[in-house]
Structure formats: C-alpha cells, structure tokens
C-alpha cells in the first residue's frame, strides 16, 4: 500500500511545547539560581569569568536571530557590540547615568543601527550582504577613532560607581548579576521569536525567499524586524564592557574576536534553535577563558578557528544537529 | 457567464535586450480551467512571475478581481487570493511538512491559522500521514503535492500551477490532475502551465498559446491545437 493511500494520522501533528510564559519563568528561575551560585562562590575572578561568558551568550544569541533564523550572515557583530560599549561611555559621560539606563540607551542605538543597516543592505543576499555588514564595522570604528568625546583612538577610562546596588557587596558581583539577567532575557527573547509567527516567517525566508513571498510572508518587513532586534541585543551585550575592564578603546571594542565569536558560537552550537548559541557560547568562551588563564589570550582565536573547522567538517548543523532527527 | 477574475492588458517584459513578453492580453473567468502552453522559452514562466509579482512588468498590467495589481508585492498578491506553484518544488527545507503549511496559514490571513486547518490542507493532498516528516524525506510527487497544499492553504481564488506535473510518471500525473480537478470543483480558478499535453487537454476548458513572448492563440483546446501556427510552434515548419 502506498503512503498516498494511508489514512490521516489520528494524532495531533505538532508536539506540545512549553508556553512562552512558562519559558520566561524558567529563565528567571535559572537566572536567580545562577546568581545565587555565583554569590556563593563569591570570588572576583568567578564574577569576571562568568560575565565574560555571559556577554558572549547574549552576543551569540542576538547574532543568531538574523544569522541563524533568517539566514543573513552578519560580519558586523563587533560594530553593534562596540556601539553598545561606546553608548555606555557617551551617555555615562554626558548624563552621568548608571549602567542600567545606559543598557537601555544601548538597545535603542543598536536597534536604530540595525534598522538603518537593514534598510541599506537587506536587498543584498549572501556574500554581498556579509561584506556590507563588514563595512559597517570599518565605518563605525573610523568614526569612534576620530571622536574625541569618547576618547578617540586613546580610548576612555570609565570609573566604576562607588555605590554598589543592594544586595551586592562588590561591583563585579553586580555586573555579573546584570550579565546573568541579560543572558536569560536574550535566551527568552530568542526562544519567543523562534516559536512565534515571526520565527516561522524567518525560517521560511531563510529557506527560500521567493517561495516565502508567494506564501504571503512579507520578507522585507520581517528582515527589518530581525536586524533591529538583533542589533539592539548585540549592543546590549556590549553595554557593560567599559565597566567590566574600566577601560575601552576602539581596537579591542571593534576586535575581530567579537565578530568571529558571534558567528562561530551559533555555528558550533547549532543555528536552528535558541539553545545552539547558548551551548556554543558557553563552550567556546569557557575554553577561551581557560586558555587565557593557562596559556595566553593570544590563543583565543586559534581555539575558535580549530573548533570551528572541526565542527564545519564533522557537524555542519552544530552540536544540536547531532542530536536531531533528520538533521533539522 | 461568470465574472472575469483576471485580466492581463498588454503585458510586456524585457530582460536587457531580450523581449520575454510582448503585449499579452488574457482574460480568465471565475471557476475556469485555463491551459497556458507554449514551447520552452515562450514566456509562460515570465508571465507567471509577472502575475505573481516576482518580476515587475515593463508594459501593461494585471487586474485581479477588479483591482490593479501594479505596485503590489508578491506577498500582497498572495494575500488577495493569487497563489502559485513553482516549476521545481521549492519547499521550506528546514521546516517539517506541517510547518510548511503553517507558513501561508499564519501569514496570508485569509482564514484562521489553526493546526486543524493545516491538517485539512495536508489531508486534501493525502500528506497528513507525513505531517512531521521533513521535505527531504518526500518523493517527487509528494513534493509536488506539498507545493499544491501550500498554495491552497492560501485559499486562493486563482491558482497558477506552473508545470506541476513535470517529471512525473503517468500515474503520478493522474494523481495531480485529480487534485487540481478537486480544487477547481471547490471554486478555485486554475491556470495550468504544462508541457504534458495529455494533462493539458484533459484538464483545460480553454487553451492560450504563447510563442516567443506573444499570445498566438486562445480558445477551445481542440481548435487551438489544430491551428497551423500552434503546430508550427511545437513541431516547426
């Protein structure tokens, strides 16, 4: 008997998934638990290392919204990340605001930058789009290098506030808690997008833009939404950076490491799901942090390169792809 | 006589110095089954792409249900009830069969995008049993059926089936034909673009013939196929 004559499956086709509200709640609980564990450890280095890893969780998750869900590879992640960092420097200096409002401003700046980039480049595809986003990084870095207000090429020192928000006993602990919350929020946003109508439309246009249009998907509008959200989140990832090291300068803020990691982490974890960038970011940034402590920070990009080559050859759908039926 | 659902007025399209369509006029009535034929390179797919909004036409334009389509993007035309299939099946390969149907249901906004409705669309093309499969697990004829299911999920008033039977066996052609007849019986106007002449003659109430971007014949299938210019286009002088 051919499959064409089989009766319809009596079961409901889509497996039941955790609702959006429940997932956000789970993220909040996980974030609180992680903050409690880190406070339990209480070491400055643990706070720093965790903040380092978590900033990459946010960056990789943000990149994946456009690069993974919509299939538009953005080589300009460092530009958005640095835009967030320099927003903190500029707003902090101009208005004297603390970190949290600066993160809000960074989201606005990153979102506007993402929307503008999208309007200018989203009619391009493939390598052309990727090159255009690379140019964004060069243009923005040139602007910052020549902008004396934020330190120009010399960079800017950012003094951590003396008042440490309750209930934290050190500013590093506070920064780390902020990073945990940002990472949890980024994951929840990514998962909400992925399981929503927006995520379905992005997946359709990723596979075939013309067919998606023919199915009623407003592809340009969806891509603009994705670039805006992704840009805002990448800038948010960079916003705490000046306070993490108390110093920021263009060469490191626009560094190749951010652009490469933002792409490599989702590719290694798997781009089709919110969990992929999380796994990739935790794995790669932990490895890099360990290499920094034990060997040298110069080994970081080498590690990324080697791991990326291994995964591209052995697991082109990332770690998640190894466990999914049909290589989805 | 039923109302005119689609009117093409002097549609022309050029690619650089090459004229793919020139002054094509066509009327299609509601509920009609029109066959659009022509040799390779005659402009059938260009006509489809211009109608669906994938390409802008250089001259003339289309009127669908009394409204001009000029300036409307593909997705806006789809939402107005103008659906198409592609010559080569173009499923969303990263989505399951079920999710492929959810896309038009979620975006076309022409009816409730429920899971039951998606399953109805799949049942109509006998793919309900493969709802959770990935497109790469489907056979060629199943991919064609998925393509049709995705188009019909738009609840179209006009469906352009662009070579939906290319590369299929005799029995598979019959399966697709049966599907198209069922859709038409449900009220969908269908333009069939096809090279499988058995299917075209069996299905079409009327035939239009394009040759080198121009319409050379339009009328009853038997009359059209016996016209010297049509024979010449297919068989040569």
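A Cβ is built for glycine as well, from the same backbone N, Cα and C atoms used for every other residue.
Looking at A:151-170, A:171-190, the stretch flagged in TrEMBL as transmembrane segment turns out to be A:171-190. Panel annotation: around the transmembrane segment (A:20-38), residues 46-47, 50, 173, 176-177, 180-181, 183-185, 187-188, 191-192, 195-196 of the same chain, lying at least six beyond its termini, place a Cβ under 8 Å from a Cβ of the stretch.
Long-range contacts of the transmembrane segment (A:224-244) within the same chain: residues 48, 51-52, 55-56, 58-59, 61-63, 65-67, 69-70, 72, 74, 77, 80-85, 87-89, 92, 99, 102-103, 106-115, 117-119, 122, 156, 158, 160, 171, 175, 178-179, 182, 186, 189, 193, 198, 202, 253, 258, 262, each at least 6 residues beyond the stretch ends and with a Cβ under 8 Å from a Cβ of the stretch. Beyond the transmembrane segment (A:45-66), the same-chain residues lying 6 or more positions past its ends with a Cβ under 8 Å from any Cβ of the stretch are 34, 38, 72, 74, 77, 80-81, 170, 172-173, 175-176, 179-180, 182-183, 186-187, 189-190, 193, 223, 226-227, 229-234, 236-238, 240-241, 244, 258, 261-263, 265-266, 269, 271, 274, 276-278, 280-282, 284-286, 289.
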